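Feature annotations, courtesy of Swiss-Prot:
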{"type": "BINDING", "residues": "71, 74", "note": "Na(+) binding site"}
{"type": "TRANSMEM", "residues": "1-21", "note": "transmembrane segment"}
{"type": "TRANSMEM", "residues": "35-55", "note": "transmembrane segment"}
{"type": "TRANSMEM", "residues": "60-80", "note": "transmembrane segment"}
{"type": "TRANSMEM", "residues": "97-117", "note": "transmembrane segment"}
């Protein structure tokens, strides 16, 4: 039961941080792609790799911070929604491919770099 509580509290914290950062980035940066989600996901991916690399043996901390906080911070559902917007109602190939590549490839590389540090 304590595991669920750690994940729930961490997830709430991460979601609030994501909402706040999204508002900050949207008010300060104009971009043809959803830059707020990109930044949040890339930073989150890096931090997931970094924390996983140093905290594998600390189950409660990993559940709270990786699964909870960073899971709440990063967002696959918003990413999916934003990618669908590039193909509907009219296909925007440059935004679609650049955003997809940045999110998935650079996201993986960010996580790997974080883990390798």
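Placed from the backbone N, Cα and C atoms, the Cβ positions cover glycine too.
Against the transmembrane segment (97-117), stretch 35-55 has more CB pairs under 8 A than any other of 1-21, 35-55, 60-80. The number of other Cβ atoms within 10 Å of the Cβ belonging to residue 71 (Na(+) binding site), over all protein chains shown, comes to 19. Same-chain residues lying 6+ beyond the ends of the transmembrane segment (35-55) with a Cβ under 8 Å from its Cβ atoms: 18, 21-22, 25-26, 29, 61-62, 65-66, 70, 73-75, 78-79, 82, 99, 102-103, 106-108, 110-117.
The C-beta environment of residue 74 (Na(+) binding site), restricted to residues of the same chain at least 6 apart in sequence and closer than 8 Å, consists of 14, 18, 40, 41, 44, 45, 48.
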